[in-house]
Amino acid sequence: MKIAGQTNKRIASPLIRLWRSLWVTLRHAWAKRETVSYPEIKRSLPGRWRGRIVLTRDPDGEERCVACYLCSAVCPVDCIHLQARQQDDGRRYPETFRIDFSRCIFCGFCEEACPTLAIQLTPDFEMCERSHDSLVYEKEQLLIDGQGKHAGYNFYRHAGIAIFGKAIGEGTHDTPPVDHDTNLP
Amino acid sequence: MSFAQWLFALANLGLVLLVLLLIGAFMIYGERRILALLQDRLGPNRAGPFGLLQPVADILKLVSKEFFVPPFADRTVYTIAPIIVPLTALLSFAVVPVSDNWWLADLNIALLYVLALSSLRVYGTMLSGWSSNSKYSLLGCLRTTAQMISYELPMGLALVGVVMLSGSFSLVEIVAAQELPFIVLQPLGFIIFLVCGIAETNRLPFDLPEAENELVAGYNTEYGGIQFAFFYLGEYLGVLLIAALATVLFLGGWHGPWLPGVVWFALKTLALIFLFFWLRTSLPRLRYDQLMDFGWKLMLPAALINLLMTAVLGLFWMEG
């Protein structure tokens with residue numbers, strides 16, 4: 001009896017399993033569709049989505065970018081090109097700022113490297129073009145009038161400012177600022 | 001035959017060819033929609049109404065691609081191989097009776113002819129894998145050859161039961177003999193034929209020859225453009241052929257109440273094609289040793305038992 005039972009089980013269970021997997025897929029014919037019909041229905045993207053890159057301005061309306069070249073240096077595909085220049089008051093700004101989006105991989109390293117939170121990635125990916133040339137964005141196309149993700153932040157109000165009651169380099173753990181002109185080997 | 005008769009025959013052939021090619025193209029669309037239906041997706045629905053022009057777009061894309069032969073391939077064989085696959089499938093359709101007065105040829109050895117062509121079909125996949133001279137293609141072609149040989153045997157044996165019952169190799173006479181469909185008398189034979197048919201057409205769960213996860217695309221890895229389209233066409237025509245043959249041999253072909261014979265034939269064939277697509281969504285691929293075990297240790301003995309039972313019962317029936 002026992003052997004017969006085992007034999008029945010050995011023959012029956014593959015058939016039951018076969019039917020079960022067929023039944024599961026058939027039931028899904030009435031399930032809700034997961035596909036989103038994209039151009040008609042657009043999903044809302046999360047705020048930290050890494051899409052089209054912009055250059056933002058600080059709350060005073062000045063360019064945040066100080067042309068430090070860190071974004072250009074960190075870019076793994078070398079798609080950022082810029083040229084620094086100084087205003088009369090010594091503040092640096094990019095004379096040209098160019099991103100080749102046909103090479104950009106939207107890794108977000110430039111955003112992480114930026115000390116002034118100027119360069120930011122936005123939740124926008126609809127930037128199809130018919131030629132590579134039109135994917136090269138110049139400064140006019142990159143620079144926006146808003147502050148982007150970090151409203152109210154102004155680099156010059158945080159950096160290079162003396163702490164209350166102490167001048168730069170006088171804190172317990174501070175080292176005095178280095179004079180670049182005397183620091184040559 | 002007079003010139004007009006020749007012309008008529010040729011026009012007939014051309015019509016059948018065109019219809020079959022269209023059906024083959026639209027089966028790809030149908031499969032993609034059905035797979036999507038069973039997998040909570042939408043499938044191709046952009047080109048034309050309900051995406052019905054998708055096969056047209058696919059064909060245009062494949063035809064407009066470059067005809068490329070890899071420098072390491074055997075050029076002649078590489079070019080010929082993809083033509084064999086759809087050709088054998090198309091030739092087999094000549095003997096399939098669609099209704100009680102509608103077929104291209106009524107051969108008295110139709111069943112042997114179909115089996116012979118399905119054996120020739122192996123050459124298409126085998127030569128393509130061999131001539132591509134690439135490791136994935138070679139592995140795919142080795143698997144194809146082993147699989148085809150293993151599953152052709154039980155398939156042929158399962159069909160002997162049908163031949164015994166109807167007393168004929170002609171498909172027309174086999175259908176005519178099925179007032180009671182042979183699936184009732186030969187349930188085991190039907191299952192064996194269907195399983196072997198799935199294996200013969202390299203469909204899941206027996207798609208070892210083109211297992212995407214292991215062998216990029218198996219025997220057709222190196223192919224592109226129109227040659228790739230030939231392989232696809234051959235595969236879907238093969239599915240259509242197996243479904244049509246199962247209908248003709250076991251499900252009673254054109255027989256059925258109320259509706260005309262063609263409609264019954266089409267309905268039964270479509271149901272079987274749906275089964276093919278349904279199995280593809282549901283079942284995982286077999287392992288290679290499981291495939292061989294299944295073919296030689298289960299299908300072949302089952303086919304032999306079926307043959308023996310049919311012979312013994314038939315003998316008693318005729319005596320009694």
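Backbone N, Cα and C define each Cβ position, glycine as well.
Shown in sequence order, A:LEU55, A:LEU82, A:TYR93, A:PRO94, A:PHE97, A:THR116, A:ALA118, A:ILE119 are the residues of the chain, 6+ apart in sequence, with a C-beta less than 8 angstroms from the C-beta of A:CYS65 ([4Fe-4S] cluster 1 binding site). Here TrEMBL flags A:CYS65, A:CYS68, A:CYS71, A:CYS114 as [4Fe-4S] cluster 1 binding site.
Taken from TrEMBL, the feature [4Fe-4S] cluster 2 binding site applies to A:CYS75, A:CYS104, A:CYS107, A:CYS110. DSSP classifies A:CYS107 ([4Fe-4S] cluster 2 binding site) as coil under the three-state reduction. All protein chains shown were included, and the count of other CB atoms within 10 Å of the CB of A:CYS107 ([4Fe-4S] cluster 2 binding site) stands at 14.
Long-range neighbours of the domain '4Fe-4S ferredoxin-type' (A:55-85) within the same chain, counting only residues 6 or more positions beyond its ends whose Cβ lies under 8 Å from a Cβ of the stretch, are 91-101, 103-105, 107, 109-120, 139, 142-148, 150-156. Annotation comment: TrEMBL describes A:55-85 (among others) as domain '4Fe-4S ferredoxin-type'.
Marked as domain '4Fe-4S ferredoxin-type' by TrEMBL: A:95-124 (among others).
Note on the binding-site residues A:CYS71, A:CYS114: the fewest other CB atoms within 10 A surround the CB of A:CYS114.
Across the residues of the domain '4Fe-4S ferredoxin-type' (A:55-85), the predicted structure has a mean pLDDT of 91. Within its own chain, the domain '4Fe-4S ferredoxin-type' (A:95-124) is flanked in space by residues 45-56, 63-68, 70-85, 132, 135-139, 142-143, 148-150, 153, 155, 159, which lie at least six positions past its ends and keep a Cβ under 8 Å from the stretch. All chains included, 17 other C-beta atoms sit within 10 angstroms of the C-beta of A:CYS68 ([4Fe-4S] cluster 1 binding site).
Listed in sequence order, the residues A:ILE53, A:CYS71, A:VAL74, A:PRO76, A:VAL77, A:CYS79, A:ILE80, A:ILE105, A:PHE106, A:GLY108, A:PHE109 complete the 8 Å Cβ shell around the [4Fe-4S] cluster 2 site centroid, once A:CYS75, A:CYS104, A:CYS107, A:CYS110 themselves are left out. Apart from A:CYS65, A:CYS68, A:CYS71, A:CYS114, the [4Fe-4S] cluster 1 site neighbourhood in this chain, defined by C-beta within 8 angstroms of the site C-beta centre, holds A:VAL66, A:ALA67, A:TYR69, A:LEU70, A:CYS110, A:ALA113, A:PRO115, A:THR116, A:ALA118, A:ILE119. Ranking the binding-site residues A:CYS104, A:CYS110 by how many Cβ atoms sit within 10 Å of each one's Cβ puts A:CYS110 at the top.
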